Amino acid sequence: MRKKLVAGNWKMHGSLAENKVLLEALVLELGQASTAGCIVCAPFPYLAQVQSVLSGSTLAWGAQNVSNHAKGAYTGEVSASMLLDFGCSYVIVGHSERRALYGEDDASVAAKFAAAQAAGLIPFLCVGETLEEREAGVTEAVIGRQLDAVLAVSGIEGIGRAVVAYEPVWAIGTGKTASPQQAQAVHAFIRAKLAVLDKNVAASLVIQYGGSVKAANAAELFAQPDIDGGLIGGASLVADEFIAICRAAQG
Ligand SMILES: O=C(CO)COP(=O)(O)O
């Protein structure tokens with residue numbers, strides 16, 4: 001049985017004061033042994049604060065981006081080993097906002113994925129199609145290409161040590177969630193594609209759904225056979241919403 005994982009992607013939100021209230025609520029409500037599987041991905045400057053509040057709880061944490069380089073003259077970049085210094089277990093790579101707004105292509109996403117794993121982090125590999133791509137009927141081709149870029153560098157073995165997050169770009173921050181059936185169809189496609197390479201990896205891979213997940217729709221999405229939790233944006237900033245979504249993943 002795959003364990004469901006729910007991760008909050010705070011994006012560029014938060015302040016020391018706001019984070020303290022949110023994190024303390026999460027520890028109080030979710031930080032018990034029985035409620036593992038909840039992760040917070042915070043902006044870099046707040047990782048020390050997240051580490052200090054979440055240490056000793058069952059909540060894990062991570063970052064939203066990482067350099068493809070291990071160290072060196074790369075002004076403004078943050079390496080995977082730096083994230084480990086702040087207790088991160090996870091890092092998001094290939095989020096559609098980074099692909100669309102910061103020019104990250106499939107090759108750079110694959111390089112970041114490999115750098116994260118080389119240091120011991122678990123990547124959340126985000127894949128997903130735009131509305132134009134969906135309407136043009138190329139959803140599977142786009143996601144296949146995004147997966148192939150990572151497979152070419154890290155192999156199916158690398159994918160087996162990661163989490164995949166299917167995030168249709170048209171559903172992110174729009175309030176337009178993919179229907180459970182639409183999401184399930186893509187999740188099943190991802191699992192079937194990877195099963196051709198390794199049945200065991202495909203069967204045990206956690207594939208999250210992301211895009212306007214809320215407390216109100218989480219249970220229905222997570223009930224789909226190939227949806228193993230979620231990557232949550234806006235709703236992860238609201239303690240009651242995120243707590244309810246984490247509970248929905250626990251069944
Ligand atoms: O991009 C997302 C998570 O990475 C989803 O964002 P929203 O939940 O705000 O739609």
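Glycine residues also receive a Cβ, built from the backbone N, Cα and C atoms like all the rest.
Keep in mind it's a predicted model, so treat the numbers as computed, not measured.
Between the candidates GLY56, GLY62, GLY160, GLY173, TrEMBL assigns the substrate site shared with ASN9, TRP10, LYS11, SER212, GLY233, GLY234 to GLY173.
Annotated substrate site ASN9, TRP10, LYS11, GLY173, SER212, GLY233, GLY234; additional same-chain residues within 8 Å of its Cβ mean position, judged by their own Cβ, are ILE172, ILE232, ALA235, SER236, LEU237. On the backbone, the CA of GLY234 (substrate binding site) and the CA of GLU167 (active site, proton acceptor) stand 14 Å apart. According to DSSP, GLY234 (substrate binding site) is assigned to a helical segment.
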